[in-house]
């Protein structure tokens with residue numbers, strides 16, 4: 001806790017000088033002029049669609065209504081009632097939460113471990129690991145998905161040969177398919193955590209760590225009692241980002257399990273909403289699922305903002 | 001890559017150091033392996049790629065897969081479409097984000113904090129959930145089957161994060177410089193574009209990586225909004241033409257994946273140092 005206090009004390013003055021408000025007489029409308037294009041684009045392409053999403057979720061909206069064959073019927077919360085009454089929704093919700101949690105935990109564990117490892121090694125291995133991680137980070141989700149499928153291909157993939165699994169299919173079973181997607185997601189998202197946490201560790205003054213080492217603290221103890229508290233703000237950010245990303249995984253599931261797996265066994269909320277809307281033409285139901293997802297992520301984000309507030313961060 | 005000396009250099013003992021080095025190299029090899037296998041698969045001749053004894057090298061590299069990719073499909077056209085979408089998104093969102101970031105860092109005004117929180121909240125909106133209403137918005141605007149249907153939403157979705165990240169870079173330009181410019185008689189517009197813009201440009205480039213990636217990688221919008229006119233298709237969709245779940249053309253998929261990955265990789269390596277410092281800045285603020 002002592003270490004944590006030092007950080008906040010050191011941070012305050014830096015923040016306040018950098019943010020000293022300018023009070024030159026300026027037209028009060030100038031900032032709004034600069035903000036106008038951004039606000040216009042966001043209102044038209046983010047705000048309005050969100051409103052539309054809410055609206056569609058209240059109507060019976062299927063292919064017949066889209067083509068204008070039948071009038072749209074206001075259903076109130078009927079779509080939500082249908083969604084919540086469907087066992088499949090709860091299955092998919094559970095799968096989404098468990099899968100996202102597994103992805104977040106694995107990504108954070110791998111990312112943090114490698115960030116610590118990066119601070120321990122010589123220049124050449126560090127460069128090698130950094131470049132490899134950047135490569136994984138830069139790989140588009142679609143190509144990453146196809147490449148991992150190829151690696152684990154039952155007939156021509158190297159993984160089954162090395163592990164001696166014969167023609168075992170990874171995408172056939174529910175859990176092994178989820179596991180394969182998890183591997184790909186961790187592979188392409190740990191670099192963000194690793195690079196960010198590594199940058200954070202580099203910013204910790206080396207005297208603090210040397211003092212801890214001189215006092216006889218073990219590596220694990222240094223990480224738990226010194227680094228982790230000092231890195232808390234960064235860890236919060238990468239955790240929240242990971243939660244938001246992994247909760248919304250779409251491309252990997254869609255490509256690797258071919259649209260949600262055999263009989264929809266690998267569906268997550270995002271893919272489920274998409275399939276309901278565009279494959280089954282149940283736009284109203286799909287929109288209702290979308291609203292549920294939006295609310296869940298909104299809750300996560302507001303919790304995150306409260307956390308930032310409590311830490312006394314200035315926005 | 002300019003990486004400073006390891007921080008606990010004096011503390012770690014030599015045998016541990018060597019073990020850590022070996023460990024890092026091993027992890028690097030594992031992480032890089034999928035990319036290696038992708039490029040290798042792209043160059044392997046057909047007989048080797050569809051072999052039940054895959055070897056981690058090839059003695060007779062061939063360009064057949066690339067020829068098939070560029071020949072059979074209008075791959076070159078899709079490549080240009082993808083590039084047009086990504087470049088437009090990057091430029092437009094960079095300019096808009098620069099203006100907005102300047103407004104929220106250089107001015108104090110009512111609702112400033114509210115706006116910042118809105119930009120933060122906007123980042124978490126699940127883009128995928130908005131595909132349904134956006135489909136109807138694009139249909140009503142007559143944008144279905146055009147590249148505009150891909151460009152417009154991506155500009156909107158990359159803005160909040162770009163503004164959030166650019167704040168740190170705009171803040172980094174000393175206020176004194178602004179005062180000096182005004183004393184020398186520069187107008188605000190002139191200060192913005194001739195002094196502030198060039199100074200923030202490196203940060204702008206780092207920020208652009210994210211808009212570039214989201215636009216370049218986009219799969220969902222391309223799939224949903226380009227429904228019938230395949231001449232407007234982009235790379236991710238074209239790639240999946242080769243990937244049929246029952247009988248994938250692995251050579252074609254790997255060659256297409258290679259073509260699609262390389263531009264992003266080049267962009268990333270070019271800006272990686274700025275990226276790391278930019279992320280540090282965005283996170284610390």
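Keep in mind that glycine also has a Cβ here, set from the backbone N, Cα and C atoms.
Keep in mind that what you see is a predicted model, and the values were worked out from it rather than measured.
Within the listed segments B:20-39, B:40-59, TrEMBL records transmembrane segment for the stretch B:20-39. Non-local neighbours of the transmembrane segment (B:250-271) in the same chain are 35, 38-42, 44, 46, 49-50, 64-66, 68-69, 72, 75, 79, 82-83, 205-206, 208-209, 212-213, 216-217, 235-236, 238-239, 242-243; each lies 6+ residues outside the stretch with a CB under 8 Å from one of its CB atoms. In summary, the transmembrane segment (B:150-170) does not lie against the transmembrane segment (B:20-39): fewer than three C-beta pairs, each 6 or more positions apart in sequence, are under 8 Å. Distant neighbours of the transmembrane segment (B:191-216): 82, 85-86, 89-90, 93-94, 97-98, 102, 150-151, 154-155, 157-158, 161-162, 165-166, 168-170, 172-173, 177-178, 181-182, 235, 260, 263-264, 267-268, 271, 274-275, 277-278; these residues of the same chain sit at least 6 beyond its ends, with a Cβ under 8 Å from one of its Cβ atoms. Sequence-distant neighbours of the transmembrane segment (B:115-138) (same chain, 6+ residues past either end, Cβ-Cβ under 8 Å): 104, 144, 149, 152-153, 157, 159-161, 163-164, 220-221, 224-225.
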